[in-house]
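K.L.:
Could you have a look at this structure, given as structure tokens, before my questions?
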Amino acid sequence: MKVHLCVVGRLKKGPEKALLDDYLRRFDKTGRGLGLSLGQVVEVEDRKGGGMAAEAELIRARLPGAVFWVMDERGEIMTSPEFAERLGAQRDRGIGDLALVIGGADGIDPGLRADAGSAISFGKMVWPHMLARVMLSEQLYRAASILAGSPYHRV
Ligand SMILES: C[S@@+](CC[C@H](N)C(=O)[O-])C[C@H]1O[C@@H](n2cnc3c(N)ncnc32)[C@H](O)[C@@H]1O
């Protein structure tokens with residue numbers, strides 16, 4: 001299963017981008033033997049002022065046929081092993097493309113949220129999108145490590 005990361009806004013070169021790239025590379029390396037790999041990193045920007053709905057359309061257009069999970073502070077709170085299990089279950093169901101979406105300043109489009117297979121929260125506090133994408137990339141690497149039985153996750 002290819003796991004795609006969809007984000008609103010572009011991340012410039014800097015410490016967050018370096019961390020993001022490192023965790024995504026680790027996820028891909030650890031996941032490949034488990035049937036999980038990194039797909040596209042889709043960064044969208046709507047310059048016409050269409051807001052969340054336009055951003056969601058740009059994301060859908062880039063990944064037709066993908067299952068979407070949205071990251072949302074009002075979503076489901078889960079442990080890292082539960083997240084890993086859910087990722088593994090999607091793979092085992094034969095899903096080819098899973099797109100994980102992080103919203104922009106206004107959050108996630110309600111239509112995309114309604115269509116999403118899961119809405120996942122990192123906790124009730126709101127984080128800026130550039131940190132949220134780093135946190136998600138780390139959880140992907142952690143999830144692959146848990147599924148691989150490697151000692152990275154020790155709790
Ligand atoms: C700055 S936040 C959006 C703020 C907020 N949703 C709003 O409506 O003002 C940007 C994105 O980061 C992600 N995000 C921020 N905090 C999060 C959390 N606690 N759990 C999951 N995702 C989060 C979400 O995808 C969110 O759309």
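Placed from the backbone N, Cα and C atoms, the Cβ positions cover glycine too.
Taken from TrEMBL, the feature S-adenosyl-L-methionine binding site covers Gly103, Phe122, Gly123, Lys124, Met125, Val126, Trp127.
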K.L.:
Enumerate the residues of the same chain, Gly103, Phe122, Gly123, Lys124, Met125, Val126, Trp127 excluded, that satisfy the criterion Cβ within 8 A of the mean position of the Cβ atoms of the recorded S-adenosyl-L-methionine site; list them in sequence order.
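P.N.:
For the S-adenosyl-L-methionine site, the extra neighbours are Glu73, Ser121, Ala132.
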K.L.:
Given the binding-site residues Phe122, Trp127, which one's Cβ is surrounded by the fewest other Cβ atoms within 10 Å?
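P.N.:
Comparing Cβ neighbour counts within 10 Å for the binding-site residues Phe122, Trp127 gives Trp127.
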K.L.:
Using DSSP with the three-state reduction, classify Phe122 (S-adenosyl-L-methionine binding site) as helix, strand or coil.
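P.N.:
It is coil.
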K.L.:
Any same-chain residues 6+ apart from Gly103 (S-adenosyl-L-methionine binding site) with CB under 8 Å of its CB? Would you list them in sequence order, or say none?
P.N.:
Val8, Met52, Glu55, Val70, Met71, Asp72, Asp109, His129
K.L.:
Around Met125 (S-adenosyl-L-methionine binding site), how many other CB atoms lie within 10 A of its CB?
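P.N.:
Neighbour count, Cβ to Cβ under the 10 Å cut-off: 7.
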K.L.:
Between any two of Gly103, Phe122, Gly123, Lys124, Met125, Val126, Trp127, the residues recorded as binding S-adenosyl-L-methionine, what is the biggest Cα to Cα distance in Å?
P.N.:
15
K.L.:
Taking the Cβ of Gly123 (S-adenosyl-L-methionine binding site) as reference, which residues of that chain separated by at least 6 in sequence fall under 8 Å from it?
P.N.:
Glu73, Ile77
